[in-house]
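Since the structure comes first, as structure tokens, the remarks are kept for the end.
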């Protein structure tokens, strides 16, 4: 293979594998900035993948080419509904955030497969999706010499969407009334409460946004990589997204960058077979690299101060 | 908080949580058109109907007791060890690898050797997270999650590349000397996979109780868990306690993995996902509130649910996943025990208020003339809140702690 083809494949597989992580990691950032730790991202992704797959299979005939994109929204909506369990438990019922997140992770695969069996005559996995999120060539940008063929030909459009959304979300968090209030609730809920900001409302919004984006992330995973839903559709991507968020220091763009990096590590193990130097390295290095790097980054670069100050705490409004 | 009260709570919260979890399962089954009563009775029969089923239940409970104990120790010290699954996986790999590498050892050395290998692997793995937490303040939640996946892919590569023969996805079976199953127990339970591991697990649970309640280390672990600053002020080394508690936690989890590997699987396979004994062990420990005896009961309950759940899908069209939904719901309610307590307190308070109103009415009626106009008015609101104790007046069992509102405020992780 010549260099351009290798680079093209590397870039497009990187984007394909990072897209689910980008959405979910941004979602995690919203939840944590509101002060709710969300280790249930994995479970939210499972439900998103389930909803995306079922939607894709059910409405594929009617919607045609739009199916996968509307499927993402379906995943997002189901993600929001599922994340409400976490919201009620942590915000109103004072559950430990980690326990509640773990409940989501325990619940989602069981519920997803249970519903799949109900819908598809007892089979534990869905059929192959007929309308996947396929790679496509972006019209104008692909004509740019050098960059065009590598970055914008046969590439993952949804990943670019994720990158744009991450920039938009960073702007939302730092420059809008909503974002500033959300962050104030995560940094010092009592202070926010004292100036009349509803801590409960903003925390609900933070968790629901993480549910929406996490659900989209799961749907992206199902509709672009695994192409069906089963219990092994989401194995660790949610935790990897969590890692990306920590790696990116709780910042949407940082999280996106980390997600792309993790996608790159995964794609190296696939494309690496064609690259002489990497071919000789065992696959396992690429599988464990994202996780090891996260630990190292966490120890070496990310101080405790990076996380929102009130992350993981329960706010009880004074009577 | 009075001792008797905590006892009542610690018994009732898990029972109510299990009941509510089963209720959620029943509602889901009703909504999807299945008969919950039929299914739950099938589950019960499937779990205790035959000696074989009982053997399978106890075999399922065995590793959960060990991983549950492991989780409980770290949790007492204030650490949420999500790495249970990874530590168990390493223990599994360590135990099986030891047995395969030294196939000719006599049983008396082989079994302890393989189990200790598992213990060491698990302890080292959790020790990393403990070390990072103690010296760098790195959140153990994130590090143990990451280490889980390193363990998963690492052991898969190890099994595939080192232990497996040819291109298999599983290692050879361990030598007979390293197996925990015995013909005696198999005959006793009609060829179930019940094995000696249960006795190891029960000894481990007793060890946990002894460690936490009877030793200085256990006291320090609990002290650090309740109030790290206070413990440091009292002269305890929090670094030492953190690392030791994580090491012991990982050791239990590694033992759980090794026992399951040598008793149940008798080899090691390439896993698609984290072994379920990790999260199930966590759930067992949360349900039991970290008490050693509670962990044994909770693990057996999980065994009943899991083995009985298989019978649900055999006897009807109901998917057996319903059992996992029930388990998740149970843990949800254990986690949300605030709301259970709140409901109990509210009903108790309502009862008390009703009582108080009656008492106030009778007091006013009988003592109306005696009370002077000056002190009568300010006393009136208090009579509503606190019922005056009278001879022959039966006090309602008020299960309320006045300070529960502030129990868990501002508890930053």
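Every residue gets a Cβ built from N, Cα and C, even glycine.
Keep in mind that what you see is a predicted model, and the values were worked out from it rather than measured.
Quick look at what TrEMBL lists:
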{"type": "TRANSMEM", "residues": "A:34-57", "note": "transmembrane segment"}
{"type": "TRANSMEM", "residues": "A:69-91", "note": "transmembrane segment"}
{"type": "TRANSMEM", "residues": "A:97-120", "note": "transmembrane segment"}
{"type": "TRANSMEM", "residues": "A:157-174", "note": "transmembrane segment"}
{"type": "TRANSMEM", "residues": "A:204-221", "note": "transmembrane segment"}
{"type": "TRANSMEM", "residues": "A:227-247", "note": "transmembrane segment"}
{"type": "TRANSMEM", "residues": "A:259-278", "note": "transmembrane segment"}
{"type": "TRANSMEM", "residues": "A:284-303", "note": "transmembrane segment"}
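Comparison of A:34-57, A:69-91, A:227-247, A:284-303 by number of C-beta pairs under 8 angstroms to the transmembrane segment (A:97-120) places A:34-57 first.
Taking pairs at least six residues apart, the transmembrane segment (A:284-303) and the transmembrane segment (A:204-221) share fewer than three Cβ pairs below 8 Å and do not count as touching. Against the transmembrane segment (A:204-221), stretch A:69-91 has more CB pairs under 8 A than any other of A:34-57, A:69-91, A:157-174, A:227-247. Sequence-remote contacts of a segment are chain residues at least 6 beyond its ends whose Cβ falls under 8 Å from one of its Cβ atoms, and for the transmembrane segment (A:34-57) they are 20, 24, 27-28, 67-68, 70-72, 74-79, 82-83, 86-87, 90-91, 97-98, 100-109, 111-112, 115-116, 119, 126-127, 129-132, 182-183, 185-187, 189, 202-203, 205-207, 210-211, 214-223, 226, 228-229, 233-234, 236-239, 241-242, 308, 310-313, 315. Through the fold, the transmembrane segment (A:157-174) approaches residues 15-16, 18-19, 22-23, 26, 29-30, 33, 72, 133, 135-136, 138, 180, 182-183, 220, 224, 251-253, 255-256, 259-260, 263 of its own chain, all at least 6 residues removed from its boundaries and within a Cβ separation under 8 Å.
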